[in-house]
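Now, the feature entries from Swiss-Prot:
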- Asp33: active site, proton acceptor (ACT_SITE)
- Tyr153: active site, proton donor (ACT_SITE)
- Lys184: active site, schiff-base intermediate with substrate (ACT_SITE)
- Asp33, His34, Gly35, Val36, Ser37, Tyr153, Pro154, Arg155, Gly209, Gly210, Gly237, Arg238: 1-deoxy-D-threo-hexo-2,5-diulose 6-phosphate binding site (BINDING)
Amino acid sequence: MKMFDNIKNVGKLIRLERIFDKKSEKTVIIPMDHGVSSGPLEGIKDMRIATNAVADGGANAVLGHKGLVRHGHRGYGRDIGLIVHMSAGTSISPDPNKKVIVTTVEDALRMGADAVSLHVNVGAETDFEMYRDLGLISETCEYWGMPLIAMMYPRGPKIKDERDPEVVAHAARLGAELGADIIKTNYTGDIDSFKDVVKGCPAPIVIAGGPKTNTDEEFLQMVKDAMHAGSAGVASGRNVFQHKDVRGITSAICKIVHEDVEVKEALNEIKI
């Protein structure tokens, strides 16, 4: 895949091909790590049902903690990539922005992971600890041939707008500089400003799905705009697993990301 021409580690390349579409060279990832931060949310109370639905809808990978591997493995049907999330923190913690490492790259390998991910809140009071974790774990990932996804979110006392193009660009570049192969970050809200974010980051960027949107059309238009701005894909959780038609919305996203269809056409995938 052309976007990974700079990666010479054959193990990473083989695993990246499992979570990216080989034809479009894009990806649709469904994060399901919310149970740790927010508890048993509607839509992921049964992770196997959620995993089955997004796999049937065409998603390239699911992302979650260790429990997703044990309780969400489908064991049949269409294969789907597995990304093990290594960071944890809760909404009821005294410092919700602090993320700690709760597993190892080696453990993720034993679980059959195709990639690992870390969460970094850029601007948090403990951000320096998360930077250190990212930098050191990137070295372990390189050793084992494990792709590393860095969730780089501008969050903290000095961050007035988490979608401000300047801070999003800084967060994305920071993740790439510290060794991440793929960056997940906020969409800035318009094509031109996000083009600048993509241009300033040497690693491919996938956009976060963000808060649950009011309409399917609004959400899918954001996906369409992000792809036109140069995004390498989408990593959306609540807008997918809390949808009335999980399979349908997943399929609609995949149509836009992989086939570049218009939003109106993609909406036809949603049956409920």
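In case you wondered, yes, glycine gets a Cβ from its N, Cα and C as well.
With respect to Cβ neighbours within 10 Å, the binding-site residues Gly35, Gly209 differ, and Gly35 shows the lowest count. Neighbours of Gly237 (1-deoxy-D-threo-hexo-2,5-diulose 6-phosphate binding site), defined as other CB atoms within 10 A of its CB across all chains, total 24.
Among the recorded positions listed here, namely Pro154, Lys184, Gly209, Gly237, Gly237 has its C-alpha nearest to that of Asp33 (active site, proton acceptor). Binding of 1-deoxy-D-threo-hexo-2,5-diulose 6-phosphate is attributed in the record to Asp33, His34, Gly35, Val36, Ser37, Tyr153, Pro154, Arg155, Gly209, Gly210, Gly237, Arg238, and the widest Cα separation among these residues amounts to 22 Å. The subset of recorded positions (Gly35, Ser37, Tyr153, Gly237) lying with their Cα within 10 Å of the Cα of Lys184 (active site, schiff-base intermediate with substrate) consists of Tyr153, given in sequence order. Note: the residue listed as 'active site, proton donor' has non-local neighbours His119, Val120, Asn121, Val122, Glu162, Ala171, Thr185, Asn186, Ala208, i.e. same-chain residues 6+ apart with C-beta under 8 A of its own C-beta. Around Pro154 (1-deoxy-D-threo-hexo-2,5-diulose 6-phosphate binding site), the C-beta neighbours below 8 angstroms that are at least 6 residues distant in the chain are Asn121, Val122, Gly123, Glu162, Asp164, Val167, Val168, His170, Ala171, Asn186. Over all protein chains present, the Cβ of Ser37 (1-deoxy-D-threo-hexo-2,5-diulose 6-phosphate binding site) has 18 other Cβ atoms lying within 10 Å.
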